[in-house]
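Asker: Submitted below is the structure of interest, expressed as C-alpha cells.
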C-alpha cells in the first residue's frame with residue numbers, strides 16, 4: 001500500500017462540476033492499494049498517517065505534531081495510479097487491486113480511520129469516479145508512505161527490532177577492532193612436529209546473519 005500525504009491549508013473534491021467534499025487545515029491523503037494488501041497493511045498505514053508529525057507545536061517547533069494532535073481534518077482520495085509500473089513510457093497498473101475488491105478495502109480503510117480518529121473529521125472523494133482534486137499544499141510538504149511488503153521480515157515489528165539489534169551488535173564489534181580470538185589466530189605458533197599435516201584455513205568468528 002502506498003500513500004502520498006500532503007499538508008494542506010484546504011482541499012476539496014469535485015465530481016461532474018459539483019463539490020462533494022472539502023476540508024480546511026489538515027492533510028490530503030492519496031491512497032494506492034496493491035494486489036497483496038491485507039488488513040495488516042491497512043492498519044499499518046492508518047497508524048502512520050494519523051501519527052505522522054507534519055505540523056508545528058504551540059511554540060513554533062516544526063515536525064512536532066500530528067493531524068490527531070492538532071485535531072485537523074483529513075481528506076482521503078483513492079489513487080490506484082500510485083501502483084503504476086512503467087513499461088517503457090507507458091504506465092501499467094497490474095499491481096493495483098482490482099476495482100471490485102479495492103472498493104471494499106478502501107471503505108475498510110476509511111472505517112479504520114474513523115474508528116481511530118474523529119469520524120466527522122474524515123472526508124473522502126468518490127471511489128471510481130473521475131474527480132478534480134483541488135489541493136492547496138502548505139509549505140509545500142509532501143510525504144510518501146509505503147507499508148512493508150506482505151511476508152517480509154520488516155512487516156513484523158518484533159523481527160524488525162531483532163534485526164536492528166543484530167546490526168547494532170555488528171557495528172559495535174567492528175568499532176572495537178579485532179577480537180581476542182582473532183588476535184590469537186593471527187599470532188604465529190611454533191610448529192608441532194607431531195601434528196599431522198593438512199591445509200590450514202581461517203574461519204571467521206563472526207557469522208553472517
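Every residue gets a Cβ built from N, Cα and C, even glycine.
The shown structure was predicted, so the numbers you read here are calculated from the model rather than taken from an experiment.
Heads up, here are the entries from Swiss-Prot:
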- 4, 6, 28: Mg(2+) binding site (BINDING)
- 142-209: region 'Disordered' (REGION)
- 159-170: compositional bias 'Basic and acidic residues' (COMPBIAS)
- 181-194: compositional bias 'Basic and acidic residues' (COMPBIAS)
- 197: phosphoserine (MOD_RES)
- 204: phosphoserine (MOD_RES)
- 205: phosphoserine (MOD_RES)
Asker: If I restrict to non-local contacts, at least six residues apart, and a C-beta distance under 8 angstroms, what lies near residue 4 (Mg(2+) binding site) in its own chain?
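Answerer: The answer is 29, 30, 79, 82, 142, 143, 144, 145.
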Asker: By a simple count, how many Cβ atoms lie within 10 Å of the Cβ of residue 6 (Mg(2+) binding site), its own Cβ left out?
Answerer: 21
Asker: Around the recorded Mg(2+) site, report the further residues of that chain (criterion: Cβ within 8 Å of the mean position of the Cβ atoms of 4, 6, 28; site residues excluded), sequence-ordered.
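Answerer: Here the non-site neighbours turn out to be 5, 7, 8, 11, 27, 29, 30, 135, 137, 142.
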Asker: At a 10 Å cut-off from the C-beta of residue 28 (Mg(2+) binding site), count the other C-beta atoms across all protein chains.
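Answerer: The Cβ of residue 28 (Mg(2+) binding site) has 26 Cβ neighbours within 10 Å.
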